[in-house]
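Asks: Quick one: structure below, then a few questions.
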Amino acid sequence: MINRYKSDYASKLRLRIRPSKTNEILPKHYNSNKHSAKFSPPISSSHFTGAMFAMIFVFFIIVEMEKWLPTPLMLEDEVNNPGRFIAERAKNHLYNLTSMGPRPVGSVENEILAVDFLKKEINSIISKSIPLHRISIDLQKTSGAFPLEFLDGLTNVYKNVQNVIVKIGPVEESEHSMLINCHIDTVPDSPGGSDDGASCAVMLEMLQIISQSKTPLKHNIIFLFNGAEENLMQASHGFITQHAWAKSIRIFVNLEACGAGGREILFQAGPEHPWLMQAYAETVPYPLTSSVAQEIFQSGIIPADTDYRVFRDFGQISGLDFAWSSNGYVYHTKLDNIDYIPLGTLQRTGDNILPLVKRLVNSDELSNIEKYKHGNLVFFDVLGAFIIYLPEVVAGLIHYVFLSISFYTIYWNIQDSKKKGYNVTSSQYVRLMCLSSLIIILTGVVALFFTTSIALGLSALNRAMSWFSRPAWLFFLYLIPVFVTLLSSTMIFSKKIRKEVSNPWIVHRIYHDAVQLIWTIILALAIIFKIRSGILLSLWVLFLVISWVVREKVFTQWRDWRWLWAYTGILLFPFIQTGYMLLSAVQLVVPIMGRAGSGNFAEVVFSAIFSAGFFLFFTFYAPLILLVKSGKKVISFLSIVFFVSVLLLLFTPLGFPYSSDPQAPSPQRYIIVHTDRILHDENGAVRSHKSGFWIVDLDVNSPRMVRGLVPEIANAELISDDCKNELYCGLPYIIPVATFIWKTHWIPGRSPNVPVAVDLKLLKRDSPKGEIQRLSFVANGPDHMNLVLSPYPGVTLLSWSLVQGTPLAGPKWNGRDTYYVYYSCGSDPEPWNFSIDLLVSPDHKGPVVEMGIAGHRVHGAQQTTPELRNLLSQFPPWAVTSGWCATYKSYTF
């Protein structure tokens, strides 16, 4: 009788514990250790690995989607496509513009040739326009100054910079206008194919089409071809603050580039005026935008800015900011030519911007702009197909709904686990869930430490930035270790939970709820701090809830590999959308690391940011390892892939960071300035005179990578003491970037034998008001100069004649305030006169201010010297160089 009873009980027990049932009731005296085999994970490692490869495959599909461009229209297609943007004609404009060569402010190419080209093309368009449109052209020469909180902060002074401006509108002229802007100038040595010649070519083609349109415009379009953007947005400031037409502007569209080719992204919109985004969403055929990109750009993480800032801050108008971001390797180099701008890129941009401009200029909102000024939007495109955009208030309400549902599902799981007889009380479930959340957070710290150690090790072995030309290395070097760490931690610490909960589905549920709890709390913080990027968090939280509904309410009998694939499939949309947005970020940021400065440890910084972002991404999938029969096999496989990858990186050419491939170059950048440095003491006597070549190290491998290839580099000395003892290191920084490009080298050499000399003379020292001293100066030099100054302790810079208001201070140096002034002149250079007012304490003795002035010859036949050209010619083909001559002089007054 006893044996038969035991047999019957065992038979019933087997029926109860079959994992395919969800509502099983376990006896309270069930021994989990004795029957642990009955609760072994139900999913094979092959299915888990297959799901991983499926996600990788999907990601590569996203990569290929990024490359798609529309078929360009040629001139021969114009007859069958009336009113359409013709990419070939735009490229012809671009060819004519870039064939002039580099166009820095003050150069013949920028001030005369480019302006003449634009005037000729615009006048030709005007002569062929139909009478429905009134078209006017104006050439502006403008001078001014303004403070700019960009990089280290500066005061921007300009004289005689140029703008070519066209206004097209109805015959009965409207009082309201929209602005579309590009810039024709370039940085030294760059032909500016993408930055920003292509945008100007697009605008010329748009002007051509609109002038031929048989539909009259409701308002005016002002086309601004500005001639001094690379001088830190000088010409746009001169236009928006001084030109008569600027008063009629209600909105603007800015066209820019931080890469060549690819797809243009709308990365800034507003402020306020959500109807602008609505117009974009309803009009453009190929959208690409994200409020996440806007928050990243406006955070200052990316060392760049556009005329959008000037129009927004000084014009007090709202607008849309577009830029090409692919192939940032050629940005601001001599490689930025027409060869890297596909016709499809021009076609896509024209097909988007032309209908958008038509929609905006003919809108009712333009005639009553203040009426539609209310709030900002949360927005993103879905795989380039359409745009989701929501007012911030609506997005906030949706966030709260998702928060509530998410907390409810966690609460339901707590109660449900208790009801199903798993011997898990509510307090026990909450305790284990919170413990799991803590473990996940600690695992993130460990993963960050692990990847940072990898980055430090690679840097120590001189293998930094292998991912620069091959971004796939990021997957092997950092993503796999992060995933392995997360999977290992999940398996190790889940053993503690298994001591109390034996069923793997409940263990998985606890870990899954822990992940959902973390993300729900992060979403709550995003709501509190009004972070619009929280829309991505909401997306994941929403689909986690959907996966819960499917798991608990629909496919309740699935407790095998089908459940794994269903879960993966449900999270496919947020995975694809997040991967789509992250890919754009990676494409943008990776090339930036090649110009972020050698002292900023790009390998460590980038690995940390990259790993932290993807760690959060992987937390959704890590709990699945608890349902895999042999999770160790998965971890072992990934670990082997990682170690093999490291060996390949260390011992094969695959780890070399740079490429000279003409189809896809990813060069190392070098800026070398042939410099003469003369430092004066308080009495005006020369205390130091050095001449040579200043190597501006733009990445962590500079100049080490070219040692042995460029003989002179063997003589390069790291500049260190000068930065401690001299204002701005006693070096001619052409823009204020000393805080992140502070590690540079010096090669002693002959003085540059070109007329780039500068001088600064004190004309007068007055005391207009007691303790206030007014110092009046005159500076002489070339058309690009910069001035730095720092008052001594006990002295305060109150004001100066450059701009009204309190001068904008930069970073501290030896505990003292510093100030940076950027000066350029487009034409007709003359001595630069200015004064400063200093408040001097009564007990102060000695000099009151230290000043340095630099002159830069960045264009023309005298831009370089034979010695500099010889040095630059020795660099390997996988390096791209730029150089000019400069003189720096310091004074004490």
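A Cβ is built for glycine as well, from the same backbone N, Cα and C atoms used for every other residue.
Just so you know, TrEMBL annotations never went through curation; they're auto-generated.
This is the feature table in TrEMBL:
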type     : residues : note
TRANSMEM : 43-63    : transmembrane segment
DOMAIN   : 163-356  : domain 'Peptidase M28'
TRANSMEM : 397-414  : transmembrane segment
DOMAIN   : 432-648  : domain 'Endoplasmic reticulum metallopeptidase 1/1-A TM'
TRANSMEM : 435-461  : transmembrane segment
TRANSMEM : 473-493  : transmembrane segment
TRANSMEM : 514-529  : transmembrane segment
TRANSMEM : 535-551  : transmembrane segment
TRANSMEM : 563-584  : transmembrane segment
TRANSMEM : 604-627  : transmembrane segment
TRANSMEM : 634-656  : transmembrane segment
DOMAIN   : 665-891  : domain 'Endoplasmic reticulum metallopeptidase 1-like C-terminal'
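For the listed features, I'd like the structural context: burial, neighbours, distances.
Replies: When pLDDT values are averaged over the domain 'Peptidase M28' (163-356), the model yields 95.
Nonlocal intrachain contacts for the transmembrane segment (397-414), taken as residues 6+ away from its ends with a CB within less than 8 angstroms of a stretch CB, comprise 390, 426, 429-430, 433, 509, 513, 516-517, 519-520, 523-524, 526-527, 534, 538, 541-542, 544-545, 548, 552.
Residues of the same chain lying 6 or more positions beyond the ends of the transmembrane segment (435-461) and with a Cβ under 8 Å from any Cβ of it are 477-478, 481-482, 485-486, 489-490, 493, 496-497, 510-511, 514-515, 517-518, 601, 603-604, 606-608, 611-612, 615-616, 619, 622, 649-650, 700.
Residues 436, 439-440, 442-443, 446-447, 450-451, 454, 458, 466-467, 511, 586, 607, 610-611, 614-615, 618-619, 622-623, 625-626, 631-632, 634-635, 638-639, 641-642, 645-646, 649, 655 of the same chain sit 6 or more residues outside the transmembrane segment (473-493) yet have a Cβ under 8 Å from a Cβ within it.
Remote same-chain residues near the transmembrane segment (514-529) are listed as 396, 399-400, 402-403, 406-407, 409-410, 433-434, 436-437, 439-441, 537-538, 540-541, 544, 616, 619-620, 622-623 (criterion: CB distance under 8 Å, separation of at least six residues from the stretch ends).
Within its own chain, the transmembrane segment (535-551) is flanked in space by residues 291-292, 378, 380, 395, 398-399, 402-403, 405-406, 409, 413, 512, 515-516, 519-520, 522-523, 526, 563, 566-567, 570-571, 573-574, 577-578, 581, 620, which lie at least six positions past its ends and keep a Cβ under 8 Å from the stretch.
Nonlocal intrachain contacts for the transmembrane segment (604-627), taken as residues 6+ away from its ends with a CB within less than 8 angstroms of a stretch CB, comprise 41-43, 48, 51, 440, 444, 447-448, 451-452, 454-456, 459, 474, 477-479, 481-483, 486-487, 490-491, 494, 504-505, 507-508, 511-512, 514-515, 518-519, 540, 544, 563-564, 567-568, 571, 578, 582, 586, 589-590, 593, 634.
Among residues of the same chain six or more beyond the transmembrane segment (634-656), those with a C-beta under 8 A of the stretch's C-beta atoms are 45, 48-49, 458, 461, 463, 466, 469-470, 473, 476-477, 480-481, 483-484, 487-488, 491, 625, 628.
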Asks: Give the nonlocal contacts of the transmembrane segment (563-584) in its own chain as ranges (CB under 8 Å, at least six residues past its ends).
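Replies: Beyond its ends, the transmembrane segment (563-584) has Cβ neighbours at 43, 47-48, 51, 54-55, 58-59, 62-63, 65-66, 265, 288, 290, 292-293, 325, 380, 382-383, 536, 539-540, 542-544, 546-547, 550-551, 555, 613-614, 617, 620-621, 624, 627.
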Asks: For the transmembrane segment (43-63), what are the same-chain contacts with Cβ under 8 Å, counting residues 6+ beyond its ends?
Replies: 383, 560-561, 563-565, 568, 572, 575-576, 579-580, 583, 624-625, 627-631, 633-634, 637
